[in-house]
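Worksheet: the structure to be examined is printed underneath.
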Amino acid sequence: RKVPTGMFPALRVFYTGLAFRVWGSPRYPGALAELQRCDGQKRLSSSGERGCNEEVQKAQRAAAERNGGSPSPPTIFSRIIDRTLPADIIHEDDKCVAFRDVNPQAPVHFLVIPKTPIARLSQVNASDTELLGHLLVTASRLAHKEGLADGYRLVINDGKHGAQSVYHLHLHVIGGRQMGWPPG
């Protein structure tokens, strides 16, 4: 949708979803393509408006890289496990590590990850049953310890359409505020 620019007729401003972007500016040479890509997504934000989500874009890039056939480099999570990348670790045992999310989506937001690398939830098998149960029990205990007595949301993203941007299974535990519905 075109919006009148008033005193600046040289600028054309397009509105999409949640943001205004300036078209024709040398700072935004690909703005029209970006607007069209974002506008084409049928994604709802937590406020119910359409919008382009940076996490979705990261997930699409990660899926494309995985489908490229080249070997995958160590993930950010494997680097946290081996301590080559710092993290605010709140729990560790022989099977998993839990740490605060660097981009929290709520007052409390932490991740629980297995030390054994599993790329996606859709790739688990029966031998992973005990580990998956351990991850859920750990998430529950930590949520209680973090004061989430009124509830929380547990999220596992799987694949491109699930907005998985890191291909190392991880559970998001998100709480400390009222969650909206539907999620996504």
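Glycine residues also receive a Cβ, built from the backbone N, Cα and C atoms like all the rest.
Because TrEMBL annotations are produced automatically, they should be read as predictions rather than curated entries.
Range annotated as motif 'Histidine triad motif' by TrEMBL, chosen from 78-82, 88-92, 168-172: 168-172.
When Cβ-Cβ distances below 8 Å are used as the criterion, the motif 'Histidine triad motif' (168-172) is approached by residues 75-78, 101, 105, 109-114, 117-121, 124, 135-136, 139, 153-157 of the same chain, each at least six residues removed from its ends. His170 (active site, tele-AMP-histidine intermediate) has a Cβ environment of 25 other Cβ atoms inside 10 Å. For the domain 'HIT' (76-184), residue counts in helix, strand and coil come to 29 helix, 25 strand, 55 coil, using DSSP.
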